[in-house]
Amino acid sequence: MISHPMVKIHVVDENTGQYVKKDDSKRPASSYFEKDNVDYILPIMTQPYDFKQLKSRLPEWEEQIIFNENFPYLLREFDESPKVILFFEILDFLSMDEIRNNSEIQNQKCGFRKIAWAFLRLLGANGNVNINSKLRLQLYYPPAKLRSHLDVVEVFEWWSKCSRNRYPSTLYVTVRGLKVPEYIKPSYRSMMVPQEEKGKPVHCEQHRESSSVETKPGLEDSKDVVKWKRLPGQACRIPNKQLFSLNAGERGCFCLAFSHNGRILAAACASRDGYPIMLYEIPSGRFMRELYGHLNIIYDLCWSKDDRYILTASSDGTARIWKNEVDSTKTFRVLPHPAFVYTAKFHPAVKELVVTGCYDSVIRIWKVDMREDSAILIRQFDTHRSFINSLCFDVEGHHMYSGDCMGVVVVWNTYVKVNDVQHSVRHWSVNKEIKESEFKGIPISYLEVHPNGKRLLIHTKDSTLRIMDLRILAARKFVGAANYREKIHSTLTPCGTYLFAGSEDGTVYAWKPETGEQVAMYSDLPYKSPIRDIAYHPFENMVAFCAFGHNEPILLYIYDFQVAQQEAEMFKCYNGTFPFPGIHQSEDALCTCPKLPQQGSFQIDDYVPTEDSSVKMQLVKQRLNSVTEVMRASAAKVNKNLSFTSTISSSQQSKAKQPNMLDSRQILHQFGFTQTGIVNVETVPCNHHVDGPPTVVALYDYTANRSDELTIHRGDIIRVFFKDNEDWWYGSLGKGQEGYFPANHVASETLYQELPPEVKERSPPLSPKEKTKMGKPSSSKKNCGTDTVISPILGVHTYAEGC
């Protein structure tokens, strides 16, 4: 009779029949108290399931078993890699009476009864991995005979040599990779491998000692723990209040980055004396120190994962590593190159591994010994045919992405074995090359992996940002920020909710990556030069901007709930229209709880700006100019020299700023506000109902070959949401079906009249009501007006969701 069963999990190598060897023999894999001489993964058991206590005849362990092993190491397909099979053995305790009465059990010296077993190959015979989903495994009876081979795991011998007699039950399991927190609080009883086991008196005593002595690296007076306003897992907000204006030298700042713990902001600046790296303490904004060594512009800056080192790339032909210590201001390591170095990154898994991209089109991999004075060049890749502008890794470091001046993105396999770095680098290889016709020959300014790891931000010098799905290589476009000449960096927020990008006219834009909607625009920044870099804080709703030019500062903005609440109240009071702005934000950004994007909603103007939309925007501009005449008349009472300006669209706004801004102090006084910041005036046309999706008519039949394509028939009316390229467009049929269709199979709706009668009966034209809803914006224009909002702190232009 089974009373309290448990499950024992074995990780076995199919090639040897023994337990899988550890990736790092010095790292414990199954228990915190694991001995150093154990070089294989020990089995782990679940807690016993007590039928009597839990009052159930069906055991449900629902327990998470953690093996502290590198997950990709168990899934690799190299010759020397283990071929992993997981064995699940169901056992039960033996009572003392059973042990006394059974001599065979006494000889085996085993206190468990073997009930059933199951197995799971991590890599199936079809090449698919059996992970990240619940799997149902068939259980088998253990064979009756004793073991014959003592050099292999017993359950492996059952699987390989014995016949399988099905047990009348199954076992549900789920296998997935898990990112364990870097720090786990010690406990009286260690419940997982990384968790330290400490008694109460010892733990309290050591905690007192550490709290009085320990400090974070590079922070002199930062013993206090900072409580960030953004909670873990909370969505990021759009910062709406200026926090600091930091000095960046006489010539401004080219790039900047927050440390991973959020306590330091590093800025690559330029002054009369050289090109220092300035360090500022966050959140106080206090200047800490300067790091001197580079002889020319610093193009890239990167922190190591533990924040103890800073890596920089410069046009002086060197990449340099700096120690983040209180008394350290000189270069720690120098990596020489034959030309300009545009980008450099630490490998996420191994800080001793540095990758650089150079003007000579070569990617170099360096091994840097942090204890000895040495940096060894261990490998070079010359796959690119033009100089390399940007590099980035995914979070685990399994893949690297490199972009060059010809618009080519190369995806690399960059898995690293911690205890054998040089041997791992020899196996690095090209995964694939992304050569999109849309940005062929256009330099790539910046690359960044989306926080979900499945998409890639590609910033190109055609004033377009793209977020590409790495699985199907489909990209969403973001337009508005001008970038044709300068090397400009953009960034995604840590949660992936927003995308920030600077413009060559000194404006910063923000979009929602999921919908492509532009939700904010910082139009009142004091920059006269292009915005070079943007950094979002890892734990706070804070963003930093910098520009490279004469006396350009570093600006830090933070999210203020009161400011957002005031903006939302004013937005309601004035029925969605205000004559004052400064930062444009959408109505969603003003809400305390952000709205979820509606599925299936697309704005064609967000993807493909057409000539028709430009003409219609001009008509809207003329209407808005007539409205602003009333505002000019009222403002003349305050100051006869004041005037309003109107903007046409975000894309035109990025080409040139409007110089004749209204004096905000006078306007605020006129409307009863007191001045607590700088507010400029600008009117923004509502563009949500300017133009609906255009329609086309299918000239030929087409059958979908993939799940994301449309099956169309001759005469079908299709709404075009966006044009992915010259060959494929994305749209929907009247039945609500959406997908891609070939552009050469359709024509404009005017050709519908020329179709034969039988085709017209098959696909009747749109009704007048549908046409009015889709393509007649004149009725909505009357109620639209201008969607602009005032912020008494900064001045925030706000686009309303609807009119």
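Cβ coordinates come from backbone N, Cα and C, glycine included.
Because TrEMBL annotations are produced automatically, they should be read as predictions rather than curated entries.
According to TrEMBL, the protein has these features:
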REPEAT    291-323  repeat 'WD'
REPEAT    334-376  repeat 'WD'
REPEAT    492-521  repeat 'WD'
DOMAIN    691-751  domain 'SH3'
REGION    756-783  region 'Disordered'
COMPBIAS  757-773  compositional bias 'Basic and acidic residues'
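Across the residues of the repeat 'WD' (492-521), the predicted structure has a mean pLDDT of 92. Mapped onto DSSP classes, the repeat 'WD' (291-323) shows 0 helix, 19 strand, 14 coil. Broken down by DSSP into helix, strand and coil, the domain 'SH3' (691-751) contains 6 helix, 27 strand, 28 coil. Counting residues of the repeat 'WD' (492-521) by DSSP class, helix then strand then coil, yields 0 helix, 13 strand, 17 coil. Broken down by DSSP into helix, strand and coil, the repeat 'WD' (334-376) contains 0 helix, 25 strand, 18 coil.
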